[in-house]
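S.K.: This is the structure I want to talk about, given as structure tokens.
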Amino acid sequence: MALASDKFVLSAIVLAVLTVAAAAAGYGGYGDVGEYCRVGKAVSRNPVPSCRNYIARWCAVAGGRLDSGKQPPRQLLEPCCRELAAVPMQCRCDALSVLVRGVVTEEGDRVAGMISQHAAPGCDAATIAGMASALTDYGRCNLQHTGFFGCPMFGGGMD
């Protein structure tokens, strides 16, 4: 039978662990990074332009199908991977979302994405988004990631 003091000590330890975990998530963790990853802060208005070229070429080579197994030459992927590596890890999906879907900035400026510009003829919006998400897969660019495999979804955007 546990004593009341043992239960109190256990509760205090659990509370301390939860407090430390919450503080770690808020400080440099992967909590709410929305403000940090906005266009004009960690994400530029024209993020990862080499990835735009790579996705457009991938659409052409693959005939508009993500599952075709056909991909552009590796030397076209390498500049894209370098640009993605320069984006903070927790902002990569946001940068790719801006690239694919575009965004309306806080100032009200519209930044068009690949979908609205029809920058990848032959690929529909879902395929373009899938190809962009696949760029964050470890096997593609060998980038460290936040724990997700690819970008689980693109939020917001204009398209």
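Cβ coordinates are placed from backbone N, Cα and C, and glycine is handled just like the others.
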S.K.: Identify which of Cys37, Cys51, Cys123, Cys141 is listed by Swiss-Prot as the disulfide partner of Cys80.
M.R.: Cys51
S.K.: Going by Swiss-Prot, which one of Cys37, Cys141 is joined to Cys91 by a disulfide bond?
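M.R.: When Swiss-Prot is consulted, Cys91 turns out to be bridged to Cys37.
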S.K.: Among Cys81, Cys93, which cysteine does Swiss-Prot link to Cys141 through a disulfide?
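M.R.: Recorded disulfide partner of Cys141 in Swiss-Prot: Cys81.
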S.K.: Of the cysteines Cys123, Cys151, which is paired with Cys59 in the disulfide recorded by Swiss-Prot?
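M.R.: Of the candidates Cys123, Cys151, the one Swiss-Prot pairs with Cys59 is Cys123.
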S.K.: What does DSSP call Cys51 (disulfide bond) in the simple three-state scheme?
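M.R.: Where Cys51 (disulfide bond) sits, the three-state DSSP reduction gives helix.
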S.K.: I'd like to confirm something. Which of the disulfide-bonded residues, Cys59, Cys80, Cys93, Cys151, has a Cα closest to the Cα of Cys141 (disulfide bond)?
M.R.: Cys80
S.K.: Compared by Cα position, which of the disulfide-bonded residues Cys37, Cys80, Cys81 is the closest one to Cys123 (disulfide bond)?
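M.R.: Out of the listed candidates, the nearest Cα belongs to Cys80.
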